[in-house]
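**Student:** Residues or ranges marked as active site, proton acceptor by TrEMBL: Glu180. Marked as Mg(2+) binding site by TrEMBL: Asp43, Asp82, Glu113. Feature annotation from TrEMBL assigns 3-methyl-2-oxobutanoate binding site to Asp43, Ser44, Asp82, Lys111.
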Amino acid sequence: MKKLSIADIVSKKNREKIVMITAYDALFARLFDEFADMILIGDSLNMSFKGENDTINATVDEMIYHTKAVKNGAKNSFIVTDMPFGSTTNVKQTVKNAIRMYKEASCDAVKIEGGKNISEHIKALCDNGISVVGHIGLMPQKVRLEGGYKIKGRGENGLNALLDDAFAICEAGVFCFVLEGTLSSVAAEISKQVPVPVIGIGSGLHVDGQVLVWSDMLGLFEEFKPKFVKQYLNGATLVKQAVKSYKDEVKNSLFPSENFEYNK
Ligand code: KIV
């Protein structure tokens, strides 16, 4: 598959669904590269790779390290790197950190969580020649503040609040954005009203594309399974079965059998 340009991605709006998947290393990025339009080095790596309870203490250095690894494996996908919590506290710092990601990790775009509150940062990034993917709706970096992962778009003002955020980040310059954990009807309306592709996660079908965390969709992350996650593989069970077979064969002196020895 040919690597998409930003213009290609934008042109998919209302035309063809965009496939985004996360990856954190070269091994899996190489496997996903054939199928993904976009690969996201998400700060979710802090949970499924590093084993922390949330995304909060992922660092810029870690995002750069994992992006370099993904880039070694993925040659054709458009690469997006998350700006982690604490890397966007003021505009100057946001630009400085994003420039590091661009230069050291060579990502194609950065992703930044936030709506109206972050639009000035997005504009500054675009003014500095950095392409930006937005992220509104449920924002995992707010998990401690909000006391959990809360679905968005509910209540009288649900749609309008999200539309305000969506329009603000579009005006600031994002070329697409992630809409997470939002009522499907609300997500459909937002997608209809904005000029750029909306990539949903837990936001239903009526958006311009989907993103899933790779370890969730392959059934490897066992800590919890949100309702929106479809497991396309029973990964944890398959891995455990394989490692148990290895253990049993080693314990019973069945591995390595003749086929796996050097005799000459
Ligand atoms: O960090 C991440 O993997 C993300 C996705 C959930 C969109 O932001």
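The backbone N, Cα and C atoms fix where each Cβ goes, and this holds for glycine too.
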**Student:** Write out, in the order they occur in the sequence, the residues of the chain not among Asp43, Ser44, Asp82, Lys111 that have a C-beta within 8 Å of the mean position of the C-beta atoms of the recorded 3-methyl-2-oxobutanoate site.
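**Tutor:** For the 3-methyl-2-oxobutanoate site, the extra neighbours are Thr22, Leu40, Ile41, Gly42, Leu45, Thr55, Ala58, Met63, Thr81, Met83, Pro84, Glu113, His135, Pro140.
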**Student:** By Cβ count within 10 Å, point out the most packed of the recorded positions listed: Asp43, Asp82, Glu113, Glu180.
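**Tutor:** It comes out as Asp82.
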**Student:** Would you kindly give the Cα-Cα distance separating Ser44 (3-methyl-2-oxobutanoate binding site) and Asp82 (Mg(2+) binding site), rounded to the nearest Å?
**Tutor:** 9
**Student:** Counting across all protein chains shown, how many other Cβ atoms sit within 10 Å of the Cβ of Lys111 (3-methyl-2-oxobutanoate binding site)?
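**Tutor:** Its Cβ has 23 other Cβ atoms within 10 Å.
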**Student:** The record lists Asp43, Ser44, Asp82, Lys111 as binding 3-methyl-2-oxobutanoate. What's the largest Cα to Cα distance among them, in Å, rounded to a whole number?
**Tutor:** 13
**Student:** Determine, to the nearest whole angstrom, how far the Cα atom of Lys111 (3-methyl-2-oxobutanoate binding site) is from the Cα atom of Asp43 (Mg(2+) binding site).
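**Tutor:** A Cα-Cα distance of 10 Å.
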**Student:** Within 10 Å of the Cβ of Ser44 (3-methyl-2-oxobutanoate binding site), how many other Cβ atoms can you find? Include all protein chains, please.
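**Tutor:** I get 21 for this one.
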**Student:** Reported as an integer number of Å, what is the Cα distance between Asp43 (Mg(2+) binding site) and Glu180 (active site, proton acceptor)?
**Tutor:** 14
**Student:** Report the binding-site residues (Asp43, Asp82, Glu113) that meet this criterion: Cβ distance to the nearest atom of ligand 1 under 6 Å. Use sequence order and write none if nothing qualifies.
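**Tutor:** Checked binding-site residues vs ligand 1; flagged Asp43, Asp82.
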**Student:** What does DSSP assign Asp43 (Mg(2+) binding site), in three states?
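**Tutor:** DSSP call for Asp43 (Mg(2+) binding site): coil, neither helix nor strand.
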